[in-house]
Amino acid sequence: MTIISDVYAREVLDSRGNPTVEVEVHLESGVMGRALVPSGASTGEYEAVELRDGGDRYMGKGVQKAVDNVNEKIAPELIGENALDQIGIDRLMIELDGTENKGNFGANAILGVSMAVAHAAANALDIPLYVYLGGFNAKQLPVPMMNIINGGEHADNNVDIQEFMVMPVGAESFKEALRMGAEIFHNLKSVLKAKGYNTAVGDEGGFAPNLSSNEEALATIIEAIEKAGYKPGEQVKLAMDVASSELYSKEDGKYHLAGEGKVLSSEEMVSFYEELVSKYPIISIEDGLDENDWEGHKLLTERLGDKVQLVGDDLFVTNTKKLAEGIEKGIGNSILIKVNQIGTLTETFDAIEMAKRAGYTAVISHRSGETEDATIADIAVATNAGQIKTGAPSRTDRVAKYNQLLRIEDELADLAQYNGLKSFYNLSK
């Protein structure tokens, strides 16, 4: 029933028109599982390797090498294996690759297979993916972290901070949270139009206006929240992904906020955040400092770690070794989980488990280059992570995840939980 009969990969396109890997895993029973792999714009230097072809084809971004690795190297080894043995299959692929960073086959090749195997197994058992991955205890719907103003690497504007997000913590259900986010998003469009700003959207569906400062982005979102009829700080909190590694200069060891014409030291960046947190209801800051600025992260954690979720993305890259080091040094209090940063479902789940045991939160995340694949929605519920970051309620590649969560909430019915503010269980103030 669940024995793998074929594994097949093909090159498809992501939401930015760049190639990515799609994998199908076929079982002897005739059941098939399919998965598509995402891709990031701002990437941590310690991420698993995303294999690209180089050359002229697709301007060097082709993934035919990764596709060939699946079809010619991975597939022959997996045929005859049991799709229910997720851990065994993931470990086998890691062993076959033989590198620390999956640079031989490519994390995009390995991840595509890993996710497709899980889909095939769930389909064979005729149960939802979140139930297959999480068991009977998978019932918590995540608070959405909705990116509604884009800057940095995700937009062509003069806003330095990469993402400004809203989190509807005061909702009673995921369905209500999504509605609140969508209403705020549409009101933000009206507010921006009234101010004469562009309402074109960036990679993740949020608006990308040429605002005069990062603080203006926060003030404009507050205006939109109020215009939508909600109370900032009570029903809706703010979150930011600074993606500071993109602002950091190795030459002078400073952070260059070009949009504001400022050059700041690590300590000045921490003070900058303290000022913003004192003025606005910010509950989460991601990658507030460069991925190698551990002293700066330590200072940020000491100053704000009891009242703000400090998320490590480039800092931890969904890697248990990096996370363990951060936990030991008391750096951050949360990890961003991106399946393609590490390259298998098994390692992804290991990172989530390690974070939770240490009292860190885990935020399940998309990438800026996405597809219609909604696997991360199921992962969020399977792990009871409590938070998901998957863009604005705009663009099908983002909305696909939200719609899947609506379906899951419907399926769970009375068992569904939406914890809102309680999802930030490690904040004391």
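The backbone N, Cα and C atoms fix where each Cβ goes, and this holds for glycine too.
The structure displayed is predicted, hence computed values, not measured ones.
Taken from Swiss-Prot, the feature active site, proton donor applies to E204, supported by sequence analysis.
Feature annotation from Swiss-Prot assigns active site, proton acceptor to K338; the stated evidence is sequence analysis. The Cβ of K338 (active site, proton acceptor) has 25 neighbouring Cβ atoms from other residues within 10 Å, across all protein chains displayed. Classification of K338 (active site, proton acceptor) by DSSP places it in coil, neither helical nor stranded.
Less than 8 angstroms from the CB of K389 ((2R)-2-phosphoglycerate binding site) sit P144, M145, N147, M165, D241, L336, V363, I364, S365, H366, each of them six or more residues away in the same chain. For the recorded site, K389 ((2R)-2-phosphoglycerate binding site), the DSSP three-state label reads strand. According to Swiss-Prot, the (2R)-2-phosphoglycerate binding site annotation covers Q162, K338, R367, S368, K389.
Using a 10 Å radius centred on the Cβ of D241 (Mg(2+) binding site) and all shown protein chains, the other Cβ atoms total 28. The DSSP secondary structure for D241 (Mg(2+) binding site) is strand. Residues or ranges marked as Mg(2+) binding site in Swiss-Prot (evidence: sequence analysis): D241, E286, D313.
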From the centroid of the CB atoms of D241, E286, D313, the recorded Mg(2+) site, which same-chain residues not already listed sit within 8 A by their CB, in sequence order?
Q162, E163, M240, V242, A243, I285, D287, V311, D314, L336, K389
Can you tell me the three-state DSSP label for D313 (Mg(2+) binding site)?
coil
Candidate with the highest Cβ count within 10 Å, taken from the binding-site residues Q162, S368
Q162
Could you tally the C-beta atoms, other than its own, that fall within 10 angstroms of the C-beta of R367 ((2R)-2-phosphoglycerate binding site)?
28
